[in-house]
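> This structure is in structure tokens; I'll ask about it shortly.
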Amino acid sequence: MAAAAALWQPQEEGLREICTLLDAHISPNSDQARIWQQLQHYSQFPDFNNYLVFLLARGEGKSFEARQAAGLLLKNNLRATFSSMPPASQQYVKSELLPCIGATNKAIRSTVGTVISVLFQIVRVAGWIELFQALHQCLDSNDLDHMEGAMDAIYKICEDVPEELDVDVPGLPERPINVFMPRLLQFFQSTHAILRKLALGCINQYIVVMPAALYMSMDQYLQGLFNLAKDPSADVRKLVCSAWVQLIEVRPSILEPHLKNVTELMLQANKDSDDEVALEACEFWSAYCDVSMPPEGLREFLPRLIPTLLSNMSYSDDDESLADAEEDESFPDRDQDLKPRFHASRLHGSETGEDDDDDDAVNVWNLRKCSAAGLDVLSNVFGDDILPTLMPLIQQNLARTDDDAWKEREAAVLSIGAIAEGCITGLYPHLPQIVAFLIPLLDDKFPLIRSITCWTLSRYSKFIVQSLEHPNGREQFDKILLGLLRRVLDTNKRVQEAACSAFATLEEEAAEELVPHLGIILQHLMCAYGKYQRRNLRILYDALGTLADAVGAELNQAKYLDIFMPPLITKWQQLANSDKDLFPLLECFTSIAQALGPGFSQFAEPVFQRCINLIQSQHLAKVDPAAAGALYDKEFIVCALDLLSGLAEGLGAGIESLVSQSSLRDILLQCCMDEAADVRQSALALLGDLSRVCPIHLHPRLQEFLNVAAKQLNPQCVKEAVSVANNACWAIGELAIKIGKEISPVVITVVSCLVPILKSPEGLNKSLLENSAITLGRLCWVCPDIVAPHMDHFMQAWCNALCMIRDDFEKEDAFHGLCAMVAANPTGAVGSLTFICQACASWNEIKSEGLHNEVCQILNGYKQMLGSGGWEQCMSTLEPAVVQRLGRYGV
């Protein structure tokens with residue numbers, strides 16, 4: 001190829017070769033890997049990008065598809081290599097793109113706009129002044145292609161880097177956005193829909209950053225939005241709705257004077273014949289409520305808004321769910337049916353987050369779901385006040401029993417579920433009637449009515465369990481439980497999924513109330529296990545794991561184990577180490593191991609060894625995929641580590657024989673140093689669990705474990721991976737209790753990291769704050785002589801954190817440390833006495849008699865040290881309730 005020069009020209013042979021490759025590249029039957037390899041070869045030549053831009057800009061006679069392919073390849077190349085290109089080539093690419101802004105072919109114009117946007121992100125305004133001159137010329141022309149091409153390029157720049165047009169640039173009299181803004185607003189009145197759309201799209205990109213150019217033109221912009229609200233183009237109407245939603249989210253004060261008019265427009269747009277416009281408008285109601293606008297402004301619209309939402313909650317005729325709903329269990333799952341799954345790494349001290357209870361989270365967000373979410377939000381804001389409008393509509397829809405009205409009936413059931421939380425005060429007295437009405441719908445002929453009924457019942461699970469002691473409450477609970485189990489065995493895959501998810505929700509709420517029903521529950525779940533396909537098996541594993549979490553050791557009976565363990569073990573043995581269907585099974589076994597406790601020991605050895613093998617095979621795959629026979633996937637490691645933690649928690653010291661005969665210690669240390677945060681997080685959780693039950697087997701590499709864990713607590717690591725830091729902190733505390741003074745080499749390092757966490761402003765991870773306070777206490781307890789000289793740096797913040805921790809054995813450990821600190825240096829702690837008193841008063845009851853006596857000694861010691869006058873002065877600074885609680889310690 002020719003070298004780049006001021007007057008660069010392509011060589012015919014090179015041009016022909018690249019054209020041939022590009023033609024092959026866009027052919028569906030070609031060997032893409034080979035072509036890509038050849039393109040990579042050509043990309044080594046310094047003027048390769050010159051050829052690509054030449055083809056894009058001047059490729060007359062070539063197919064538009066090949067020219068477009070050249071442009072897209074150029075875009076990717078520029079992103080990766082522009083800064084290292086010869087200056088002459090850089091200039092050539094820029095100069096060739098500008099004349100093509102107004103190309104007659106729309107696909108070429110669009111590709112040029114995309115390339116310009118990518119190149120602009122690299123060179124910015126100052127590096128390409130000529131671009132803005134060219135854009136101005138195109139906007140000033142009366143040629144639609146030129147105007148559209150310029151607007152398309154500006155839109156893509158605004159979309160990617162809007163802030164870059166709002167900068168002062170040497171050589172330009174004004175910021176680019178100041179020049180463009182009036183032109184964009186003028187285009188609101190264009191007779192061409194594409195220009196109105198692009199102009200509005202450009203300005204909408206600036207709502208969040210709000211440059212002065214837009215702020216100063218706000219009245220004109222708002223008036224433009226009002227004028228475009230009834231635009232004949234659905235694309236424009238959609239962007240108008242998007243603008244109102246963004247404005248109320250980030251600049252509600254701007255909308256307040258116009259709120260009534262805007263709300264009226266959005267209500268009308270919510271009924272738009274175009275579903276995308278209606279969807280965008282529907283987002284307004286949740287946004288309105290989320291920014292805490294005065295709800296009274298919306299109240300007058302409720303009688304018209306609620307019927308609109310309910311109407312839009314019916315399935316549209318082209319909803320993809322309608323086709324899916326017809327699939328029964330005989331239809332094999334396709335790969336695309338499997339939802340992406342995300343394993344949550346083990347976190348010590350965290351509350352389990354609630355699952356998204358959307359009835360069909362896998363599918364695309366649509367008007368039906370947005371309307372249901374809007375009704376949910378309105379019910380939480382207005383509570384029972386929406387019931388007089390909503391309930392007659394629901395009853396009217398439910399009364400329509402003809403087959404043609406099934407979508408309206410289904411929407412009515414969905415709405416009953418949507419208002420479960422917000423309207424429960426008004427609905428609770430009628431819960432028996434609601435449940436009595438819903439249960440027969442579990443057997444409706446339409447599968448989507450059966451599935452939504454499962455979801456709606458799950459939304460009331462908490463309240464159904466609360467009603468158990470009411471008259472007929474237990475009978476009601478039993479009917480729901482059996483009804484959902486019946487649907488778990490439905491022949492329709494969609495209903496199976498909804499029933500299984502709903503049953504898992506009921507399990508979480510019911511907990512020990514499930515114990516009398518364990519036999520029938522397990523029989524149904526394992527019957528489903530024999531017939532479910534891959535997608536629903538994942539949900540079934542979750543239901544089994546949730547059941548184990550809910551009933552705990554009650555599951556540890558031979559009559560139950562015989563029902564569910566043999567099928568699980570069979571599946572466990574069938575799945576290869578590289579099969580991703582292992583993930584949900586590993587998670588399920590984790591819950592079962594914790595629930596069964598020592599009862600899991602009969603299954604433990606093969607499960608333990610499989611976990612070790614999984615981690616080892618992934619470590620091999622990381623460095624040599626061919627030898628491992630599979631690609632590296634860290635999730636296998638994370639799930640295996642978490643199951644080992646479950647075994648440690650369930651078996652307790654019973655895991656010792658398994659650990660002693662394995663290489664777990666060395667594998668675990670390697671995982672604690674992994675570059676992936678979620679691997680380190682699970683590894684450190686396992687380190688803490690093993691510290692509790694068999695610290696002796698960590699001993700040979702103890703200092704390495706301590707150093708690795710301590711490293712996770714430095715401020716940068718805490719900032720980057722707070723959950724890893726949380727588990728490291730907890731693991732160090734667990735080790736401290738077991739190994740005592742052997743932890744002394746890292747004590748000062750750890751304390752110096754914990755103090756900033758304790759002193760951090762509110763908003764830091766609550767679990768990390770609590771674990772830091774507990775671990776600091778444990779270090780103080782085992783090494784008081786090392787920590788005591790530094791107590792004035794942390795005592796007050798530490799005591800504040802101790803106040804927030806619930807009563808348990810970990811808090812007891814921390815207070816043993818507090819007492820050890822004060823005993824080691826009573827005068828050093830006297831300046832923090834009021835904080836110590838508040839911490840001591842935070843207990844509801846200290847169960848440990850020894851600790852109670854220690855606290856009594858500390859407080860009485862200070863009372864004697866200060867004398868009656870000093871003590872009374874200290875007490876006068878405390879809340880009366882705190883002083884009253886301190887009376888329990890004899891002061």
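Each residue, glycine too, has its Cβ placed from N, Cα and C.
According to Swiss-Prot, the protein carries these features:
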REPEAT    14-40  repeat 'HEAT 1'
DOMAIN    35-103  domain 'Importin N-terminal'
REPEAT    45-83  repeat 'HEAT 2'
REPEAT    178-208  repeat 'HEAT 5'
REPEAT    221-248  repeat 'HEAT 6'
REPEAT    303-381  repeat 'HEAT 8'
COMPBIAS  317-330  compositional bias 'Acidic residues'
REGION    317-337  region 'Disordered'
REPEAT    389-420  repeat 'HEAT 9'
REPEAT    518-551  repeat 'HEAT 12'
REPEAT    559-597  repeat 'HEAT 13'
REPEAT    605-653  repeat 'HEAT 14'
REPEAT    664-695  repeat 'HEAT 15'
REPEAT    748-784  repeat 'HEAT 17'
REPEAT    834-866  repeat 'HEAT 19'
> Are the repeat 'HEAT 5' (178-208) and the repeat 'HEAT 6' (221-248) near each other by the rule of at least 3 C-beta pairs under 8 angstroms (pairs 6 or more apart)?
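These two segments touch.
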> Within the repeat 'HEAT 13' (559-597), how many residues are helix, strand or coil going by DSSP?
32 helix, 0 strand, 7 coil
> Just give the helix, strand and coil counts over the repeat 'HEAT 12' (518-551), going by DSSP.
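Here the numbers are 30 helix, 0 strand, 4 coil.
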> Restricting to the repeat 'HEAT 15' (664-695), what is the model's mean pLDDT?
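Averaged over the repeat 'HEAT 15' (664-695), per-residue pLDDT gives 97.
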> For the repeat 'HEAT 2' (45-83), could you work out the same-chain residues 6 or more beyond its ends whose Cβ comes under 8 Å from its Cβ atoms?
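For the repeat 'HEAT 2' (45-83), the list is 1-4, 8, 10, 14-15, 18-19, 22-23, 25-26, 39, 89-90, 92-93, 96-97, 99-100, 105, 107-108, 111-112, 114-115, 118-119, 122-123.
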> Summarise the repeat 'HEAT 1' (14-40) as counts of helix, strand and coil residues per DSSP.
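Taking the repeat 'HEAT 1' (14-40) as a whole: 21 helix, 0 strand, 6 coil.
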